[in-house]
Structures are given as C-alpha cells and as structure tokens.
Amino acid sequence: MPLVNLFGSKGRLVLSALLFCAVIFELAHCQKEAQEQRTTPGRKPKSSKPKLGKSTNKGPRAVTAKPKIKATSAQTFLTQVFKKGKFKKVGETISVQTGDTLELRCRGKPVQWSVPTYLEEDDDGRLRTVQHERYGVLTLVNTTGADTGEYSCYPMYCEDTDCRKEYDKAVKVFVFFPDPQELFVPSSDYYEAIQLRTNWPTLLPCQVTSPEAKVTLHREFPLVEVAVDGTEISFNVKRGFTIHRPRPYHAGALYCVASLGNLRQSSTKYMLIYVNYPMAPPAPVIQASSGSLTVGGDLRVSCSVVGEQDVLVEFNWEYPGQRIGRPLNTQESITPVGGGAARQQSQSVLLVEEVRDVDQGTYTCTAHNLLGDKSVSTTVTVVPKAKPKKP
Ligand SMILES: *[C@@H]1O[C@H](CO)[C@@H](O)[C@H](O)[C@H]1NC(C)=O
C-alpha cells in the first residue's frame, strides 16, 4: 500500500511541502525542498497513534534469528495467552482491556514480530519479545488505547546465518485497547494535511480504540455530517474513512466523531487539499516540421502531450545547437481537447531559425508530470544550399 506511506509521521512533512508545491507549480524546486525537510528531525510524537506505513528504515522488532535452523513448514498461527495458562487462537481482531497485558504466541523458530510504529519508535520497556524453541512470544504490558493497531508475526526461513521473512506465512491480528477516556487513538498533531488526488483513494486515518464505537464523519465549514454510503466514502474500523474517488468538492476541513455510551469525542482535524493528479506518466509525441531542411531555413519541432485537464506537464529539450550555445527558444501552449472527458493538450514547440550544419542531429523532448517522465526523439538532417546552376 504505497499510498498509505503518505500518512507516516515523516511522510507528513514531505506531504505538506508537496502540497505547497502543487499550489505554486514549482515542482522541481519544491521536491528538492521536500527532500531536505525529510532529513530534518521532526517533533517526536509522544503518544501518537500507530502510524500505518512508516518511513523509517528501522525494521520491526526482531528476535535474533538462531543460525542453522530451518523454519518448520507447518502453518503459522497466533494464539493469545491468558492468565492461568489459557490459550485462544486469535481471529482477525481482538480487544484487550487497557492496562491489561497483551500476550501473543506465534509458532515458528524463529519468528519476527511487527508492531504499530509508535511502539517501535518509543521504546519504553513495555514491549518484550522472546523466542522459545518452537514459538515466539510477544508481551506488551501496561497497555493504553494508543497501542491499538496491527500486530503481526513472520516465521523466518534460515539458511546458516542468513534469515528471511516468510511473508506468505505472516499472521496478523488487529488489537483494540478500548480506552474509557480516549475513543480515538491519540495523535500529537492538532491537524493533519492530506492530499486528495484525482482517482486515488484517500484515507482519513481516524483510528478508534474500541470496535464498538460509532464513528461519523463531519465537515467543519459548513458544519455538516458527511454522508458515508459505503461506495463513495466507506468506513473501516481498523483504518478509518476512505474517500474512494476524490473530487474537488471533498476538499476542506473534516474530522471524525466517535460515540460510545455517554462519551462523544472528536478526532484530529484533517485538512483535505485537492490536487489534480495525472493517471499516468505523460506520453509525448514529437514532430519536426521537416526531417530534412536546407541551411538558412527555419525548423519547428513540436512536442505534445494529451492528458487530464489542469494537470501540469513540463517540457525539457535537448538539441544539437546546445553545443554551440544556441539559446533555447520555445513556445508553450495548452489547448482543450474535444470529446467527453475533460482533457487538454500541452505543447512545447522548439524554434530554430536560420538553421546551420550544427543544427543537424537528434532533437529530444522530455515531458514531466507528477507521475514521471518520458522522452521522445526525432532526427533532422541539414543539407547545404543548392548551388545556383551555371549557365
Ligand atoms: C507498569 O505499571 C506498573 C504500575 O504503574 C509499574 O510499576 C511498572 O513499572 C510498569 N511496567 C513497565 C514495564 O512500564
């Protein structure tokens, strides 16, 4: 789920920078800025919610693999261990009362665990993993609502000291820690900026601590409850709200409200910003006014891209005259394209006046949009002027 990465703690900084870029259309410059921001240490969320998709390279908490051990090929499964030595095989979700201890046992030798990112980052000694001969055990004590999230176990396949996760055998359980005071997994941010991209699902990650909480979606201006029909917008108790096909009217300040018993609480605010996003990298078409022209003639090389309306396309040129310092002379234009869907043609025309021998060669146009680049080339031959015929 690459999209979810956008909501990682560090990703958010990058995202806000990118959003800013989309507004001022200085992408190359802004993307650089976003890169720089990524390296700036941000405020560390103290009790933030488990972030889905993280951007650190720190691996999940690992149980050091024992060398020369091969994982059993038996099916992996996860059991919850209760007091008095009771066991229960877990389903897709479980609820553990806050303050209680979560103990999970996973068959495999060895196994690796992955836990909500916030637990990985804030090592406060509450989480422990131990590898026994046939199984691994994860123990989390003094639990709070903030520990709500996905816990997974990966059996490891080892050859000598080389171990790798057996992803296809991973077992996951989503653990809720219903908190009588906090219906939402706490977040350190007062608000979160989220990009609404054309035709890409957008997640509002308001995560509840109890699967019993009733969650609704609200808009701030004007103050209304947003209809959640399950098609355009849907709710998943393990993820939050998803806007499946974002449109400009979805933009604005939204927040979730959870109710359980007498408690009613609001989530972090989500600032949804609509960005016209292309469906694909550009597909430029290049055409020279002539493939062969005489010295002194004028050359026009056009490069055009047909794409979604209001999606910015940038052009870059490489041409033989660059070697001798011929300045870049281009004319750029955008014209609507007829037909059903809202499409436009972006075009850059390279003009070479009074061509010389040095203008002969390959002309390359590179078109760029938010999803990528594509280059196309054409070659042009320059022929000497025909000598006037002697009588
Ligand atoms: C869990 O909470 C108890 C009581 O507050 C405390 O004594 C203990 O140190 C805590 N354990 C950990 C590992 O934080």
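Every residue gets a Cβ built from N, Cα and C, even glycine.
Features of the protein shown, as given by TrEMBL:
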SIGNAL    1-30  signal peptide
REGION    34-66  region 'Disordered'
COMPBIAS  41-52  compositional bias 'Basic residues'
DOMAIN    67-153  domain 'Ig-like'
DOMAIN    281-381  domain 'Ig-like'
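Mapped onto DSSP classes, the domain 'Ig-like' (67-153) shows 11 helix, 36 strand, 40 coil. Confidence annotation: the domain 'Ig-like' (281-381) carries a mean pLDDT of 93 in the model.
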